[in-house]
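Asks: So that we are looking at the same thing, I have put the structure below in structure tokens.
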């Protein structure tokens, strides 16, 4: 919605333009009227719509044609004033003023026009019969107001309607010739209806209608008012009410009726509550609310975000089988301009028999939020998070983690989403490693484009963590501008071709050797015979020299089954980033924790025994 309104008054000389402005400001008819009033600004707190309003007068004797055109170009709405007692001024509306306003304007959309019949005190019968044909001819005319500057009749109403024509314009909503909603308006209202239909039965129950009414207007409908609404719809629209519930056709009819009766601000209130702007597109402020993620921090869905997206899952899981079919996914994404995850099931998560289970669905939301929080905010906006959850914005569903440097200083991370970069030469088995993480066999092929990401949950010390694997070609990290940052690095080499180890070693030395990122070397294709040793340090010797864990064997084929424990180990290393020098052998690490606790207990017992000896010696 516009932040201020600029109203321009035009018309023939002596029709009372200046008198109208001065009567509004002074609340009395001026005895002396200048040729032209100065521009007046009405503060926001004294206007019905709480928007600053600028009122601009025009005088043909004081202003040039160029100055007039400049004022028209700046105006948000034009009030064409005529004298109800002078028919010639009415005819000038059609032949002079409307062509001048919208015939030569270069801005594109037509400027809304309010017809103002002044001096109604001189003609009690009014002039509506004369102006109705003009209103039918020019759709940009919003309304006609008859008033009297002398009697102060309808003065404030005149400027209210002018303000309303800017803030709640009819033209984007309604086609007066076809007497129906414009396509963009119908599309926006259809999306709003689908978001409000919580049980997916293609109709709004009394409970859903009252939730909608409360969200948009701050209070529910009285029971009798609710029945009256449904009665009006059922009398005018076949199928508008079904089983005592309002259908989409009935909902669209109601909004058409509001507009036809001059209450288009009602429809605009609904549209703006659900994020729409003057162009009937979701606004940038709505889709991308302010959310700062400082360097070294990351974004995650919080419990409110997970509750909402799970609620959307359950809403569209119509067969209650715990998974979304392609048709159910299409239903979920029907309120988006396009399917955000592509035409196929995401290849980044676990799927089941061509369906997306809740676990994989939550993983996909987690991945999108971590990689591109702006995109995640957009998706939450399309699903109606701010309105349905009664929050200012969908940023309420996001948590920004503390800086990684603080995690490293404290020796433990509070993050629930961990990034592991799987680095290696081409052909060492990185893609197979990602597929194994998702429980796929070596020969598994995804329906869509393969992804360099995979995400699943792992248990770390009894807590569930989301682990993201990101496949990275080792040679791409050897450039000066490469970004190797992550929570844990998995450096993969082919055990049957040890030349691939040299690349991993180079990446380690360039990016990780002097840092605090935990690293694990992984020897892939462990089912194949070992490669010919090369001059220099062997992988095991290299790891020992750099105080790294011994390379872990991994295979997706042959007699060696994929060891899923490797993924838990990577997540554990990321959770405890201070243990970067091979200290995180699963058994020895927890053994030291236990021994430390035991040592503390023994020390306490010895101290207590010594205390008893000292007491007895006294």
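Glycine residues also receive a Cβ, built from the backbone N, Cα and C atoms like all the rest.
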Asks: Do you know which of 570-592, 593-615 Swiss-Prot annotates as transmembrane segment?
Replies: 593-615
Asks: Check Swiss-Prot: it lists 16, 17, 18, 19, 118, 119, 121, 149, 150 as binding GTP 1. Then name which of 59, 136, 196 it lists for that same site.
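Replies: Answer, per Swiss-Prot (GTP 1 site with 16, 17, 18, 19, 118, 119, 121, 149, 150), from 59, 136, 196: 59.
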Asks: Pick from 420, 504, 543, 556: which one does Swiss-Prot list with 427, 429, 430, 431, 525, 527 for the same GTP 2 site?
Replies: 556
Asks: Please identify the stretch among 2-168, 304-339, 415-576 with the greatest number of Cβ pairs below 8 Å relative to the domain 'EF-hand 1' (184-219).
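Replies: Against the domain 'EF-hand 1' (184-219), the leading stretch is 304-339.
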Asks: Just going by other Cβ atoms within 10 Å, which of the binding-site residues 57, 527 has the emptiest spot?
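Replies: Fewest other Cβ atoms within 10 Å, among the binding-site residues 57, 527, is found for 527.
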Asks: By Cβ count within 10 Å, point out the most packed of the binding-site residues listed: 149, 556.
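Replies: Checking each of 149, 556, the winner is 149.
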Asks: Quick one: which of these binding-site residues, 57, 427, 429, 431, 525, 527, have their CA within 10 A of residue 18 (GTP 1 binding site)?
Replies: 57
Asks: Could you state the CA-to-CA distance between residue 16 (GTP 1 binding site) and residue 57 (Mg(2+) 1 binding site) to the nearest Å?
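Replies: If we compare the Cα positions of residue 16 (GTP 1 binding site) and residue 57 (Mg(2+) 1 binding site), the gap is 11 Å.
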Asks: What count of other C-beta atoms do you get within 10 angstroms of the C-beta of residue 59 (GTP 1 binding site), across all chains shown?
Replies: 14
Asks: Could you state the whole-number distance in Å separating the C-alpha atoms of residue 57 (Mg(2+) 1 binding site) and residue 431 (GTP 2 binding site)?
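Replies: Per the Cα atoms, residue 57 (Mg(2+) 1 binding site) and residue 431 (GTP 2 binding site) stand 71 Å apart.
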Asks: On a C-alpha basis, identify the one among 59, 119, 149 that is nearest to residue 527 (GTP 2 binding site); the candidates are the binding-site residues.
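Replies: Answer for the nearest of the binding-site residues: 59.
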